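J.: Checked TrEMBL, it gives:
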DOMAIN    5-407  domain 'Enolpyruvate transferase'
BINDING   Lys19, Ser20, Arg24, Ser159, Ser160, Gln161, Ser188, Glu303, His330  3-phosphoshikimate binding site
BINDING   Lys19, Gly88, Arg116, Gln161, Arg334, Arg375, Lys400  phosphoenolpyruvate binding site
ACT_SITE  Glu303  active site, proton acceptor
Amino acid sequence: MAPTTTRPVIGTVCVPGSKSITNRALILAAQATGPSILIAPLRSRDSNLMAAGLRALGISIEDHEDGSWLVTPGPVVGPADIDCGLAGTVMRFLPPLAATARGVVRFDGDPHARTRPMATVLDALRDLGADIAGEGLPFTIAGHGALAGGVVTVDAAASSQFVSGLLLSGASFAGGVSVIHRGDPVPSLPHIQMTVLALRHVGVEVDDSEPNRWTVRPGPVSPWTTIIEPDLSNATPFLAAAAITGGAVTIKNWPSSTTQPGDEIRMVLQRMGASVELVDGDLTVTGPAQLQGIDIDLHDIAELTPTIAALTLFAAGPSHLRGIGHIRGHETDRIAGLAANITALGGDVRADHDALHITPRALHGGAWPAYADHRMATAGAIVGLLVPGVCIDDIDSTAKTLPDFDRMWDDLLGGVS
Ligand SMILES: O=C(O)C1=C[C@@H](OP(=O)(O)O)[C@@H](O)[C@H](O)C1
Ligand SMILES: C=C(OP(=O)(O)O)C(=O)O
């Protein structure tokens, strides 16, 4: 049962490392010319699965007591069985590296993972010289110890991760890789920028001067000792708690500049009427007496949709969340899931093929299925703050990126700061 509150939520939260940065850093460290240290990496199901997958391929990843990971690269070898769980970053980022392995590498994942879009990555790898059986999870790569690489055309309208995955291992392909996108606009483009900047950081040459074309030159990857930033998307439910209750929540160590699209929550909350202040790495959101509705295109920051949808339920007027068609391929069909859950609580929501239109009205308690989706679960927790009797069936789904979510949420509501 989601905890409710009758008073403004006030407190301070430290959010663990970014999923997107941790899993990029792991893939890059696995290809480096020497050991890398990841300081404060995310330790969650998605990042543990990435680490387990790399270990299965022969990469050494040592756990240190302070929570850091020492990654020592080695030859990428099969046979290996890789569990992707429900992690998009594992299922799209690891196969390109596995395609350079010597030996057979089998991939599978959770039941719903088998329905997430995957064929684009596998077809692209085939075009680049890989020997693959399967069209989606489960699939098998018969690695020959090297991948030719070269130019490949993909339709990445369903996920930016198709592009990021190919680029992240491109320096290890014999001919590098040039990825050309043809199709509707690529969603979550800032996540590709995150990939490009991470590659440059480890000395890989990337040309992204033309829209919809990214070229990675083959060459060495430098070791990377880095402190992983907090996960800004995972910070959003805590900020939402302040925004809807007229409270004030501070997130520690908010980066002053970042490649994480989650940073855009500042703009969203401001547009909805909250006050947002970033001082010396502390981001504080103070909720207004009344939030305003918002009409916004979330194509670039679609990962934030569940949190923003929850916020809009408590606004003064209607909201329109547009450009989010591809989130039907996320952990669950998030458009359908949000629409069903909001409707079940008495809410007024209309789902288009690529948008949610929400008009606030009084809600009542009821079931809020998580559909194994961490962000659906945290969206339910936000709603439950002000709607007594919201029952989230699977709060443990938050372990995908934030295993401690329920304790952190309770601590915040208990006024621990
Ligand atoms: O590259 C990444 O780390 C991610 C890219 C985005 O995927 P999509 O492009 O499929 O939205 C985002 O939603 C996901 O949470 C993480
Ligand atoms: C879309 C998400 O995850 P994934 O990396 O599994 O695609 C997400 O975390 O919101």
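Backbone N, Cα and C define each Cβ position, glycine as well.
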J.: Quick one: among the binding-site residues Lys19, Arg375, Lys400, which has the most Cβ atoms sitting within 10 Å of its own Cβ?
T.: Arg375
J.: Out of Arg24, Arg116, Glu303, Arg334, Arg375, Lys400, which recorded positions have CB atoms lying under 6 Å from ligand 1?
T.: Glu303
J.: Return the member of Lys19, Arg24, Ser160, Ser188, His330 nearest to Gly88 (phosphoenolpyruvate binding site) in space, with distance defined Cα to Cα and candidates limited to these binding-site residues.
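T.: Checked the binding-site residues Lys19, Arg24, Ser160, Ser188, His330; minimum Cα distance to Gly88 (phosphoenolpyruvate binding site) goes to His330.
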J.: Measuring Cα to Cα, how many Å separate Arg375 (phosphoenolpyruvate binding site) from the residue listed as 'active site, proton acceptor'?
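T.: Computed Cα spacing between Arg375 (phosphoenolpyruvate binding site) and the residue listed as 'active site, proton acceptor' is 8 Å.
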J.: For ligand 2, pick out the recorded positions Arg24, Gly88, Arg116, Glu303, His330, Arg375 that have a CB under 6 angstroms away from one of its atoms.
T.: Gly88, Glu303, His330, Arg375
J.: Cα within 10 Å of the residue listed as 'active site, proton acceptor' is the criterion; apply it to the binding-site residues Lys19, Arg24, Arg116, Ser160, Gln161, Lys400 and give the hits in sequence order.
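T.: Within 10 Å of the residue listed as 'active site, proton acceptor': none of them.
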J.: Using C-alpha atoms, which one of the binding-site residues Lys19, Arg24, Ser160, Ser188, His330 comes nearest to Lys400 (phosphoenolpyruvate binding site)?
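T.: Answer for the nearest of the binding-site residues: Lys19.
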J.: Can you tell which of the binding-site residues Arg116, Gln161, Arg334 lies nearest to Arg24 (3-phosphoshikimate binding site) in space, using Cα positions?
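T.: So, spelling it out, the nearest of the binding-site residues is Gln161.
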J.: Let me know how many other Cβ atoms fall within 10 Å of the Cβ of Gln161 (phosphoenolpyruvate binding site).
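T.: Here the count is 28.
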J.: Given a separation of at least six residues and a C-beta threshold under 8 Å, show me what packs close to Arg334 (phosphoenolpyruvate binding site) in the same chain.
T.: Thr305, Pro306, Ile324, Ile327, Arg328, Asp373, Arg375, Met376
J.: Within 10 Å of the Cβ of Gly88 (phosphoenolpyruvate binding site), how many other Cβ atoms can be counted across all chains shown?
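T.: Its Cβ shell of radius 10 Å holds 27 other Cβ atoms.
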